[in-house]
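Mind looking over this structure? Questions follow.
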Amino acid sequence: MSSEYDFISKLLLIQKSLYQFGGPILVLLGTISCTLSLIVFTKKNLRKSPCSIYFAAMSISNLILIYISVLITILQYGYNIVPATYNLPFCRFTVYATFVLDTLSPFYLILASIDRVLITSSNARTRQRSTFRLAWICVIVGTLFWIIVHIHALVFGGIIEEAPNYFICYFQLGAYFMFTGYYTFITQGILVPFLLIIFGLWSIKNIRTMSRRRIAPVLSTTGIATGNDSHPIQAKDRQLVLILLIDICVYMIFGWMFPIFLIYQQTTQYNVKSLVQSIHPPGILSIYASSKSFQHSLSESLRREAPPGMRVELHLAGSVISSSNRAAQSFLRPTSAMFATAVCDHVGAANIIAPYWPHAILIWLFGIMPTSWIDFISGKVTRAMKDAKNN
């Protein structure tokens, strides 16, 4: 078991180092990127473009999100500074603001996609719908709508004491926590990518259609020349379409990470392995690993043979502080009381489940690791344990 604890400690050290050194760089680059975007999209030649309004609004929301959510996370995991746990109104505000801003950014991106579909249309009336006034109305009304819709986060967000003198600012566990998870999966994992793909492909189709059409104007019965609803797309509009497509690709790559984890967790909840089994422990831990495998097989057999009305569940555990494990408490190493609370909150959720969600993330991480990585880690752990035993 000590190898597992040593490996988790190394992961925690790596996590802290990433937040300490990579976090400030990430905040700096994000600030520079959002500031430059605002400067570009508020220039005189782009200021009156409806699409520029959406891009500017997205840059503002991302900039605020950096300093409300990202910076607080860096302070918490990189420098052990958790300001949100000292003031309840501030805690609820950060949870609420993160929820709202995380929704506004893809919302503005969808509006920009719709605007590009309108402006690249071969129909003149459709192009006329892309107006400066409509863009401001959509931004203001849409922002107010999401601010009101997510008002529940101000009520259900709070300071949670998971153990004596250990507080976190998060959503309330239980039904509301499950609601936020599935809500995020449906909106950001399914709905937003679907709409972005549809509108992005639609814009590309409109551009290709208009570039192929070459129809001369004809005279009407009144002697006035009528157009064919085809017009050359301006270079500015082409550049905005290109920027939009790049933003869509970036969102699709990074915005799908958390929804993919949710999908994996749901599809593997009945066959997930223990933490030690997942890293293929060496022979020095063979008895311990065998006992975990025995628990898995025994729970499955009991579940199938259980009479009606009886439920058998297996709750997987990683490193937990106990009388035999007196390591320091951390994000991935909860106290026994914290782990027991997580178990009670997830009773009835699944037949096999990791109730403490940081442990679930570790299990998922080990499950997707290449075999070569697992062999390398096992070799390092084996040598470290043998050296410690000899000394």
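Glycine residues also receive a Cβ, built from the backbone N, Cα and C atoms like all the rest.
Keep in mind that this is a model prediction, so the values were computed, not measured.
Pulled from TrEMBL, these are the listed features:
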{"type": "DOMAIN", "residues": "33-253", "note": "domain 'G-protein coupled receptors family 1 profile'"}
{"type": "TRANSMEM", "residues": "20-41", "note": "transmembrane segment"}
{"type": "TRANSMEM", "residues": "53-75", "note": "transmembrane segment"}
{"type": "TRANSMEM", "residues": "95-114", "note": "transmembrane segment"}
{"type": "TRANSMEM", "residues": "134-160", "note": "transmembrane segment"}
{"type": "TRANSMEM", "residues": "180-204", "note": "transmembrane segment"}
{"type": "TRANSMEM", "residues": "240-264", "note": "transmembrane segment"}
{"type": "TRANSMEM", "residues": "356-376", "note": "transmembrane segment"}
Do any residues of this chain, six or more beyond the ends of the transmembrane segment (20-41), have a C-beta under 8 angstroms from a C-beta of it, and if so which?
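Sequence-distant neighbours of the transmembrane segment (20-41): 47, 52-53, 55-56, 59-60, 62-63, 66-67, 70-71, 73-74, 78-79.
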For the domain 'G-protein coupled receptors family 1 profile' (33-253), what's the model's average pLDDT?
80
